[in-house]
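Going by Swiss-Prot, these are the annotated features:
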type     : residues           : note
BINDING  : 139, 143, 145, 146 : hydrogencarbonate 1 binding site
BINDING  : 474, 478, 480, 481 : hydrogencarbonate 2 binding site
DISULFID : 28-67              : disulfide bond
DISULFID : 38-58              : disulfide bond
DISULFID : 137-213            : disulfide bond
DISULFID : 156-350            : disulfide bond
DISULFID : 177-193            : disulfide bond
DISULFID : 190-198            : disulfide bond
DISULFID : 246-260            : disulfide bond
DISULFID : 363-395            : disulfide bond
DISULFID : 373-386            : disulfide bond
DISULFID : 435-655            : disulfide bond
DISULFID : 517-526            : disulfide bond
DISULFID : 633-638            : disulfide bond
CARBOHYD : 513                : N-linked glycosylation site
MOD_RES  : 42                 : dimethylated arginine
MOD_RES  : 388                : phosphoserine
MOD_RES  : 684                : phosphoserine
SIGNAL   : 1-19               : signal peptide
């Protein structure tokens, strides 16, 4: 018995010992100097963290790849990486993600990006398109400003074969310094810095090293960030001896970097594991560290200073750190163009050499949409391919990342897509089948009306006494069902607690344990897709018929689901006069009077895509509409007809309006709608919107 008790006590003690590492964040250092700073970081954090709080430990490796592998294997937990390494860290099997971003500028105006620039000596006479045969200085192999961006720009000028990339670059320049390159396999890449040393102890490594290579090492051009020359040469007279190469093959003074840069690059990021990554612990440590050891906070230890070298653990020019939104992975953090540049380089592909006759990958939201899309793909003879996602935001993200190319969105989601960099391509048109006139005139369709519908029998309900009623919505962040009515309510109640304003409701996409999901009935309750029976226009109207007091829909919804137009059991006996509209002035009107009794006019649903894919989407969709846009669907495939309701496109679409080239989301949605959605931003629960606007402080 005594032995058993002793064993239990030992196990308990061991359990306590094993529990401690759960609160320990192991920071990975890539050099002796970094490890020395990390140890100082660790020791100083002990003095400011609570006794029961997180702890910092240091793990020393010899390179960034080794640290990335260590974090992936849980031997370490965090480190700061340049964008090029963030890409590598995000790939399988590493599966790391950004959890915090360095920012520059100031606390009031934080910048989570910097400019990649090409610096040359004043008095030389070549431009960006004349770099072949010159001597180049780079921050490091695979790094953003020093390699990924400049080589991405020069990629199609490299002689074939372009793989391995290092060999092609060796042939392009007469000599280079590319730290971290293989000096045996690619000796010309190490001509200006013998050995190509891959740590901050090497004289030509990193931003300062690349500039030193230009200044003192025989280089003709240095690829660095815009602040490098200001850090190295604080005197304007010294800086005036250098210039920037611009994309339009001109030159500008180094202080005009905002008008003369190669690319805008996301700042360095702290990365952690995607799963079980200790994100909260990491941020708790970084938050406290900034408060006590940030810029100008302490003389004993400074987070953003490197007495033993340069840019140790963090960049010395960083002003602080911001937490990255939880939805943001490495692709959203870096951006599609950046990721594509890396991928093209690694695969040895030159995009300029191909004619865009590729299929358009359409994003489908549910099993029913996927079934219709697959049918479309077959009958289109492969011009359309299909990609699936669970939610509209998942689809938008896939388009942003290049996994899909297009989908149709209502105004609310088109706003989010626009904030993520997508553009409107073609608009649905509901008035007539002659889309030529608005297309030729370059005008946008008028739009539809957002209305509030109630049962005619509930005579006491008005727009002014909706508090405590049961509400039915098409979905969170959708135009008629959410943004417009909730925006109007917000202006009245001045808070975002809509689940306290209504007693119950169904708002697909809202928090599932909320009262605004109480009325939902789908197999995947409150999901923002067709797995929720009350999703969308028809779903919200059905919610009103079966459970609710008010439904927020489009003006055609009642007309499309009454007088026998919808044969479903719940709708087949409904009459138009069974329902009325709530007017904002507190009156009610018949549903046919929507033109004089509506909440607002909404932009028509619109097809969105990435900028570089927009022309192809427009061309394919135009040809597909010619073939399958008619109304004779007997035995034929029709774009604008569905087995249920509004699959891929709205069923009442007559044709597509081609939008003028260069149409931005702001132009299409209109200033009034942009403002109303912008006002709702403080109430937004969209994780994707949060991620896409992170770099737009």
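In case you wondered, yes, glycine gets a Cβ from its N, Cα and C as well.
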Recorded positions near residue 146 (hydrogencarbonate 1 binding site), in sequence order, restricted to 42, 137, 213, 246, 478, 638 and a 10 Å Cα cut-off: 137
Distance [Cα-Cα, Å, rounded] between residue 633 (disulfide bond) and residue 474 (hydrogencarbonate 2 binding site): 27
Long-range Cβ environment of residue 435 (disulfide bond), under 8 Å and at least 6 residues apart: 429, 654, 655, 656, 657, 658
Listed in sequence order, residues not in 139, 143, 145, 146 with Cβ within 8 Å of the centre of the hydrogencarbonate 1 site Cβ atoms: 82, 84, 116, 138, 140, 144, 147, 148, 206, 207, 210, 223, 224, 225
Greatest C-beta neighbour count within 10 angstroms, which of the disulfide-bonded residues 38, 58, 177, 373, 386: 177
Any further residue of that chain within 8 Å (Cβ to the Cβ centroid of 474, 478, 480, 481) of the recorded hydrogencarbonate 2 site: 410, 412, 450, 473, 475, 479, 482, 483, 536, 537, 540, 552, 553, 554
Among 143, 145, 478, which are recorded as binding-site residues, the nearest neighbour of residue 198 (disulfide bond) by Cα: 143
For the disulfide-bonded residues 28, 246, the one whose C-beta sees the most other C-beta atoms within 10 angstroms: 28
Residue among the recorded positions 145, 193 whose Cβ has the most other Cβ atoms within 10 Å: 145
Those recorded positions, out of 28, 177, 480, 481, 684, that come within 10 angstroms of residue 139 (hydrogencarbonate 1 binding site) at the Cα: 177
Candidate with sparsest Cβ neighbourhood (10 Å radius) among 42, 143, 478, the listed recorded positions: 42
By Cα-Cα distance, the member of binding-site residues 143, 145, 474, 478 nearest residue 190 (disulfide bond): 143
Same chain, 6+ residues apart, C-beta under 8 Å of the C-beta of residue 137 (disulfide bond), given in sequence order: 176, 177, 192, 204, 210, 211, 213, 214, 217, 219, 221, 222, 223
